Amino acid sequence: MESADFYEAEPRPPMSSHLQSPPHAPSSAAFGFPRGAGPAQPPAPPAAPEPLGGICEHETSIDISAYIDPAAFNDEFLADLFQHSRQQEKAKAAVGPTGGGGGGDFDYPGAPAGPGGAVMPGGAHGPPPGYGCAAAGYLDGRLEPLYERVGAPALRPLVIKQEPREEDEAKQLALAGLFPYQPPPPPPPSHPHPHPPPAHLAAPHLQFQIAHCGQTTMHLQPGHPTPPPTPVPSPHPAPALGAAGLPGPGSALKGLGAAHPDLRASGGSGAGKAKKSVDKNSNEYRVRRERNNIAVRKSRDKAKQRNVETQQKVLELTSDNDRLRKRVEQLSRELDTLRGIFRQLPESSLVKAMGNCA
């Protein structure tokens with residue numbers, strides 16, 4: 001594809017080729033100006049295009065900024081590299097230093113020196129006025145969108161990992177020690193508790209479970225004055241529950257109460273109030289208490305019956321032992337008598353008796 005089909009002037013060489021061209025060769029053809037033309041000379045007819053080079057000769061001069069995703073420029077080294085190349089392009093595009101024939105790529109021999117020794121465009125062999133502005137604008141227009149997409153490395157959003165606080169870790173450890181896996185599901189419909197606590201007290205699921213566990217352990221202990229094995233519970237268990245903070249002597253519950261003072265205060269008071277209301281106004285609690293009492297009485301009756309049976313067996317075995325001892329004593333006496341009789345008999349009679357037996 002030849003560029004002469006689209007431009008009336010000579011084809012524009014790549015940016016890298018005209019930036020690295022020797023000082024004596026003017027590069028105004030890159031912007032469409034014919035070579036050797038001055039402001040007073042008429043424009044020359046379009047010259048024949050220069051022969052193109054190899055296929056991959058100017059491969060590095062292709063502008064691929066429009067095809068590169070801006071999200072790919074996330075490396076600070078790449079951004080610094082583009083920033084450095086941009087500064088070099090701007091420095092080359094600017095007017096060269098003092099000297100009138102400088103050595104820069106955009107210096108033109110024979111151009112008049114302006115104030116401060118700067119070479120002014122529009123000399124005998126230079127481009128028309130405004131060339132420096134056009135070149136600077138061209139380079140800025142070609143390079144600015146790329147750096148606008150890249151952005152400053154210091155302004156990029158940084159993803160900062162937040163470390164958990166010590167309080168959160170302590171809470172998680174305490175909960176993990178209590179319940180190995182305790183998801184927060186909604187309360188089941190068929191709950192054994194007849195009257196759940198109010199809405200402001202039933203919000204924390206853990207408080208509800210702790211109160212229910214404490215109530216269950218207290219319900220399993222009857223308060224009737226029956227023989228020794230089970231202790232009688234206190235008539236007012238709610239104040240003890242509030243003072244202790246959490247029911248149960250376990251170290252995990254104590255650690256949880258120490259880690260959550262607000263939970264300890266609210267849970268103790270709420271559970272005590274709920275239990276008082278249940279003890280006074282719940283028929284289901286009374287029925288359950290009666291069933292527990294009946295079961296305890298049955299178990300105690302069975303224990304008493306086993307004790308009586310054991311005592312009877314002990315008495316029977318004792319009597320048998322006495323009878324056997326008496327039998328042993330009787331047989332011992334008979335043996336001693338027989339031994340005495342045999343000792344009193346003479347030896348001759350014994351020999352005769354043995355001969356008769358033989």
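Note: Cβ is positioned from N, Cα and C throughout, glycine not excepted.
Among the features that Swiss-Prot reports, compositional bias 'Low complexity' is placed at 29-39 (among others).
Under the heading compositional bias 'Low complexity', Swiss-Prot lists 239-259 (among others).
The compositional bias 'Basic and acidic residues' annotation in Swiss-Prot covers 276-291.
Positions annotated as SUMO2 cross-link by Swiss-Prot, on the basis of a large-scale study or a structure entry: Lys161.
As annotated by Swiss-Prot, domain 'bZIP' applies to 282-345. Mean pLDDT for the domain 'bZIP' (282-345) in the predicted structure: 94.
Annotated phosphoserine per Swiss-Prot: Ser190 (among others), in sequence order.
Among the features that Swiss-Prot reports, phosphothreonine is placed at Thr226 (among others).
Taken from Swiss-Prot, the feature phosphothreonine covers Thr230 (among others), and the record attributes it to similarity to another entry.
According to Swiss-Prot, the phosphoserine annotation covers Ser234 (among others).
What Swiss-Prot records for 1-55 (among others) is region 'Disordered'.
For 54-72, the entry in Swiss-Prot reads region 'Required for interaction with TRIB1'.
Residues or ranges marked as region 'Required to induce adipocyte differentiation' by Swiss-Prot: 128-204.
Sequence annotations record features per position, and here Swiss-Prot assigns region 'Disordered' to 178-201 (among others).
Annotation source Swiss-Prot lists region 'Required to functionally cooperate with SREBF1 in promoter activation' at 182-198.
Annotation comment: Swiss-Prot describes 217-291 (among others) as region 'Disordered'.
Per Swiss-Prot, the feature region 'Interaction with FOXO1' maps to 244-358.
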Residues in the region 'Basic motif' (286-313) grouped by DSSP into helix, strand and remaining coil: 28 helix, 0 strand, 0 coil
DSSP-assigned states of the domain 'bZIP' (282-345) in counts, ordered helix, strand, coil: 62 helix, 0 strand, 2 coil
